[in-house]
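Below: the structure, in structure tokens.
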Amino acid sequence: MQLQFRSWMLAALTLLVVFLIFADISEIEEEIGNSGGRGTIRSAVNSLHSKSNRAEVVINGSSPPAVADRSNESLKHNIQPASSKWRHNQTLSLRIRKQILKFLDAEKDISVLKGTLKPGDIIHYIFDRDSTMNVSQNLYELLPRTSPLKNKHFQTCAIVGNSGVLLNSGCGQEIDTHSFVIRCNLAPVQEYARDVGLKTDLVTMNPSVIQRAFEDLVNATWREKLLQRLHGLNGSILWIPAFMARGGKERVEWVNALILKHHVNVRTAYPSLRLLHAVRGYWLTNKVHIKRPTTGLLMYTLATRFCNQIYLYGFWPFPLDQNQNPVKYHYYDSLKYGYTSQASPHTMPLEFKALKSLHEQGALKLTVGQCDGAT
């Protein structure tokens, strides 16, 4: 009997170890309700690992030497100028779209809809599962009745990241020519129009932006600055991740109240509760072992649903540019960031490597230098 008990204990411990190893992916699969995902999804980026040691890639820009991320010497990128050699791979783009649709549907997951919630409903935060929030009247009023991207389709889309690599790029005019332009975290555009453009069709706003860029609206001056930025959106989609973490609740409510009080002309959207885990599940299944997807990667994943061709600007998670010059983390402020810090919730260099590989294969175009025709 004692031997049998020990055998059962050993079996239980073995199962526990296996569970801990695969808990992350198992949790994702459970939450997105895709029990067959791991076995049935074929990787759209199945060459990522086979190419992980390649140093050369064709990206639009000037002829540079190898770029080394000094914070992590194992990540090196030789970037050659040959924008004319890039060709869109429509077959691959369609394959990626089809595979992502097995995890999420951007048309539906881009926002919770008014018919699915009512004031007072309890929601568990995505990152603070033991914490809850009640759907406020203001939030309910701003929920869209239908998806802001329902039946939408665009020939070309630009996703504009916020890296300082955009400075002096002269990409503004090119960015504005795209059918649909996505920007991140209410980044300012007026003062940087030559490099980042002005057109905005969708802009994200993490709640932390209110603290970092608008001093938590401590007085009328900062509230007016935020209002000016919101009014400048002029009918664009304002995408607010309201259900991520408890710490953002008050900031989301402040913004909602301002929008309603001042009748700001924006179309608010609040991503579905399953979106982040579904996006992460897709990339993990394709062996891109991210922690938490950045806003830029989220936007790319969503854009595959409604964009024929996707162009990325301002994606550069390294402290030096192609010519070994310092690059600001954001083009518009002096914030510092540890790209390879273990404490970071993101794995930006790894994401960049994946996007770079997709650029090589023609699934997207990644611009990290000056745009064609820039002076």
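Even glycines carry a Cβ here, placed using N, Cα and C.
These features come from Swiss-Prot:
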type	residues	note
ACT_SITE	His346	active site, proton donor/acceptor
BINDING	Asn162, Asn185, Thr294, Thr295, Gly296, Trp316, Tyr329, His330	CMP-N-acetyl-beta-neuraminate binding site
DISULFID	Cys157-Cys307	disulfide bond
DISULFID	Cys171-Cys371	disulfide bond
CARBOHYD	Asn60	N-linked glycosylation site
CARBOHYD	Asn72	N-linked glycosylation site
CARBOHYD	Asn89	N-linked glycosylation site
CARBOHYD	Asn134	N-linked glycosylation site
CARBOHYD	Asn219	N-linked glycosylation site
CARBOHYD	Asn234	N-linked glycosylation site
TOPO_DOM	1-6	topological domain 'Cytoplasmic'
TOPO_DOM	24-375	topological domain 'Lumenal'
TRANSMEM	7-23	transmembrane segment
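Taking the features listed in Swiss-Prot, we show where each one sits on the structure.
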residue: Asn162; record: CMP-N-acetyl-beta-neuraminate binding site; Cβ contacts under 8 Å, 6 or more apart: Cys184, Asn185, Ala187, Gly314, His330, Tyr331, Tyr332
residue: Asn219; record: N-linked glycosylation site; Cβ contacts under 8 Å, 6 or more apart: none
residue: Asn234; record: N-linked glycosylation site; Cβ contacts under 8 Å, 6 or more apart: Asn265
residue: Thr295; record: CMP-N-acetyl-beta-neuraminate binding site; Cβ contacts under 8 Å, 6 or more apart: Cys184, Asn185, Thr204, Asn206
residue: Gly296; record: CMP-N-acetyl-beta-neuraminate binding site; Cβ contacts under 8 Å, 6 or more apart: Ile159, Gly161, Cys184, Leu312, Phe315, Glu351
residue: Cys307; record: disulfide bond; Cβ contacts under 8 Å, 6 or more apart: His153, Phe154, Gln155, Thr156, Cys157, Ser179, Phe180
residue: Trp316; record: CMP-N-acetyl-beta-neuraminate binding site; Cβ contacts under 8 Å, 6 or more apart: Gly161, Ser163, Gly164, Val165, Val327, Phe352, Val368
Compare the Cα of Asn89 (N-linked glycosylation site) against each of the recorded positions Asn134, Thr294, Cys371 and report the nearest.
Cys371
For Tyr329 (CMP-N-acetyl-beta-neuraminate binding site) and Cys371 (disulfide bond), what Cα-Cα distance in Å is obtained after rounding to a whole number?
20
Round to the nearest Å and give the CA-to-CA distance linking Thr294 (CMP-N-acetyl-beta-neuraminate binding site) with Cys371 (disulfide bond).
24
Local confidence of the topological domain 'Lumenal' (24-375) - pLDDT mean:
84
Nonlocal residues around Cys171 (disulfide bond), in sequence order (Cβ under 8 Å, 6 or more apart):
Asp195, Val196, Gly197, Tyr313, Thr367, Gln370, Cys371, Ala374
With the CMP-N-acetyl-beta-neuraminate site defined by Asn162, Asn185, Thr294, Thr295, Gly296, Trp316, Tyr329, His330, which remaining residues of that chain have Cβ atoms positioned within 8 Å of the Cβ centroid?
Gly161, Ser163, Cys184, Gly314, Phe315
Counting Cβ atoms within 10 Å across all protein chains shown, which of the recorded positions Asn89, Asn134, Asn185, Thr294 comes out on top?
Thr294
Could you tell me which of these disulfide-bonded residues, Cys157, Cys371, has the greatest number of Cβ atoms within 10 Å of its own Cβ?
Cys157
Run through the Cβ atoms and count how many others sit within 10 Å of the one on Tyr329 (CMP-N-acetyl-beta-neuraminate binding site).
17
Taking DSSP three-state, what's Thr295 (CMP-N-acetyl-beta-neuraminate binding site) in: helix, strand or coil?
helix
Which of the three DSSP states, helix, strand or coil, fits Cys157 (disulfide bond)?
strand
Provide the three-state secondary structure of Asn134 (N-linked glycosylation site) computed with DSSP.
strand
What three-state class does DSSP give Cys307 (disulfide bond)?
strand
